[in-house]
C-alpha cells in the first residue's frame, strides 16, 4: 500500500515538473515581448518578465551581440520599455527574479528571448508559384529573392510568431533566393519575407511587399494555412501542459483522500480496541450474575398467641376453620459468605430449635381443635 502511495506521488511530481518546465520552470521567470519580438529600427518594444513564485523585482541582461549600456543588469518591475531600438539592441535576452526581502538573491535565468531589428537592408521580393490564387489542395511555393548576396531568408505570416528560415541559393538569373514550399493549399493568408547575413543573424532587412495568397473553394481566406505546423505544435504543447497539470492535480487529490481514509480507519480501529475490554468486563459481570442464584430468605412468623382458651361446644365453633397468617419479607440479595465452624454450629442449633418450636406450635393448635367431652 505504501509503495502505491509513493508511486502516485512520484508520477504526479514528475508530471507537474514537466508542465512547469514548459512554462519557464519551477524557479525561473518567463520572458516575453509585446507586441512582437521583431521590431523595426527606431521602434519600441516592451519586455515582460513574469513569475509564479511572486517575484516583483527583475534584472535584465543581454547574452550576445553588442552590449547595451543602458540595459546592463537593468533592474525593473515586471516590465521594461526598450526603444527606440538600434542594431545594438538585436540579440538574446534573459531575466532573473527576486523578492524585495532578499534583493541579493536571484532566481535561475528565464527562457531566452531573441529581439530582431529590421530595416537595416533593402527589401527582397516575394512571389508565389503557380500564383497567388490557387485551388484547394493545390501545392503552393513562395519564393523570396534579392539581387544582393544575402545568406538567409525568413518567411513571415501575418498573425504568426514563428518565422521559418531557409538559406539563400544562387539562381540562374543572378539573384539569390529561397523557396518555401507550403504544400497543398487549404487556407490563405498574407506573407512577407526578410533577408539577413551570417555574421548578424538578428539584423534583418526591410520586409518585402506583402503577398496575399487566396484559396478558392474555401470561405476563410485569412485563416490558418498549411504552413502552420509550428502553431499547431504550440497548441499541442499547451494542451500537453494542461493535461499534465490536470493529471497531477487529480493524482494529488486521490492521494489526499486515500491518506484521509487511512487516517479515519486507524482512528476507528483504535476506538474499537479501546471499547473491547469494557465490553468483556460487562459480559463477565453478566455471566457472574447469571451464575449466582438469586437467594431469597423467607422468615415465617407465627401469630398464634397462646392464651387461655375457653372450651365451647361444637355448635358454637365457627364453621370456617382458622387460617394461619404467614408474612414474607424479601431481603436484599447478597452474596453468601463463608462461615466459620462456630457460626455454622450456631446456625444449625438455631434451625433445630426453630423446627422444635414450629412442631410444638402445630401440636398446640391441633389440641385446641379437639372437641371437648360433654359434661
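Using N, Cα and C of the backbone, Cβ positions are placed for all residues, glycine too.
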Item to complete: Look up region 'Disordered' in Swiss-Prot and report which of 171-191, 192-212, 213-233 it refers to.
Response: 213-233
Item to complete: Could you round the CA separation between residue 95 (disulfide bond) and residue 144 (disulfide bond) to a whole angstrom and send it over?
Response: 35
Item to complete: Give me the Cα-Cα distance between residue 144 (disulfide bond) and residue 49 (disulfide bond), rounded to a whole Å.
Response: 35
Fill in: Per-state residue totals over the domain 'Ig-like C2-type 1' (42-102) - DSSP helix, strand, coil
6 helix, 29 strand, 26 coil
Worksheet item: Can you tell me the three-state DSSP label for residue 144 (disulfide bond)?
Response: strand
